[in-house]
Amino acid sequence: MTATSSHGARLTIDLGALAANWRRLAAEAAGAECAAVIKADAYGCGIAQVAPALWDAGCRTFFVAHLSEAERTRAVLSDATIYVLNGFPPGSAPAYRAMGFRPVLGSRSEIAEWAQACRSLGERLPAALHVDTGMNRLGLNPAEAIDLAGDAVLGAFQPTLLMSHLVSAEVPGDAITARQIAEFARVRMAYPALPASLANSAGIFLGKAARHEIVRPGYALYGGNPTPERENPMRPVVRLEAAILQLREVAAGETAGYNARWTAPGPRLLATLSLGYADGYPRAGSGRAEALVGGVRCPFVGTISMDLVILDVTQAPPEAVRRGAPVVLIGDGLTLDEVGQRAGTIGYEILTNLGSRYDRHYIEGSSLSA
């Protein structure tokens, strides 16, 4: 961090590590195409920067959630294949056609609407078929999907992919995962010529039965651990730092933060940092989160507020405790997954909520440590 930081907190995103993670996942899934999920503004890391970095690494197929995200991706990647996971809004088929987007269709009514739109446009436009194998969220049920295989409606457009989504691929030996793999294989028999996709980040590490022709990593690309029961095979991509705004000595019995929820058990040195829940750092981490000051873990005290947090830096090295000194909130061993766990959530939520107020710094070569 620099003293000229306009916010007082910096988010560093390592595009070199991102590309290395994609190559690592592509190698793990050798024989399948490795796509990339870049929904939610590339998991908070920025579509405009992330998508070209992945393209340069060799990725050619991208998945987003909404049409607006597809448009932002197309603005930086003119030749990429772009699937829209949440299907298509009524009346948007001309936009999909003009921009070359492929909706993921998950119901008979949506399929009928897409087919009718293709007839009206006079063109068999591409689309994916989504089968629900256990999530009960989006998708055709397996019986519907098998029945659909013989329906003339498929002749009105060009099916290019059969896909489903794993419920708990990160849980070793999970029975639901085994059932989903088997169910998807059964449905796929009705579509022998259609490329298929089932594996997410964790699914890539389940072996060939889950991979099929296309794998769809998301969280792991950005440094999240796809194998939480084992050491993380991915390189860290994000680093969050904030500068110390103010130092304050408090005596035993004094309180800090809203509602006086923390009381000093003895003399303490407190540091206030310029970030809070408005920046995506979860309020639920109050009293549970930690940050690194001079390499020493220091606890958050009091309630995390909108723009400020307070640390107990009593045990930090004296030379690291000064106004303007950097504090690490993600990085150097404080992982996304740990930050999420301490806040009672998951690393995905931490990553995608990292706010727009940070000074963002993109680097091409990996200099971040786990």
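The backbone N, Cα and C atoms fix where each Cβ goes, glycine too.
These features come from Swiss-Prot:
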type	residues	note
ACT_SITE	Lys39	active site, proton acceptor
ACT_SITE	Tyr258	active site, proton acceptor
BINDING	Arg137, Met306	substrate binding site
MOD_RES	Lys39	N6-(pyridoxal phosphate)lysine
Exercise for review: Can you tell which of Lys39, Arg137 has the least company, meaning the fewest other C-beta atoms within 10 angstroms of its C-beta, among these recorded positions?
Suggested key: Arg137
Review point. What are the non-local neighbours of Met306 (substrate binding site), defined as same-chain residues 6+ apart in sequence with CB under 8 A from its CB?
Key: Gly276, Tyr277, Ala278
Revision key, fill the gap. Quick note, Lys39 (active site, proton acceptor) and Arg137 (substrate binding site): C-alpha atoms separated, nearest Å, by 17
Study note, to complete from the structure: What DSSP gives for Met306 (substrate binding site), in three states, is coil
**Study point:** DSSP three-state assignment (helix, strand or coil) for Tyr258 (active site, proton acceptor)
**Key:** helix
Practice item. Could you list the residues of the same chain, at least six apart in sequence, whose Cβ is under 8 A from the Cβ of Tyr258 (active site, proton acceptor)? Key: Gly302, Thr303, Ser305
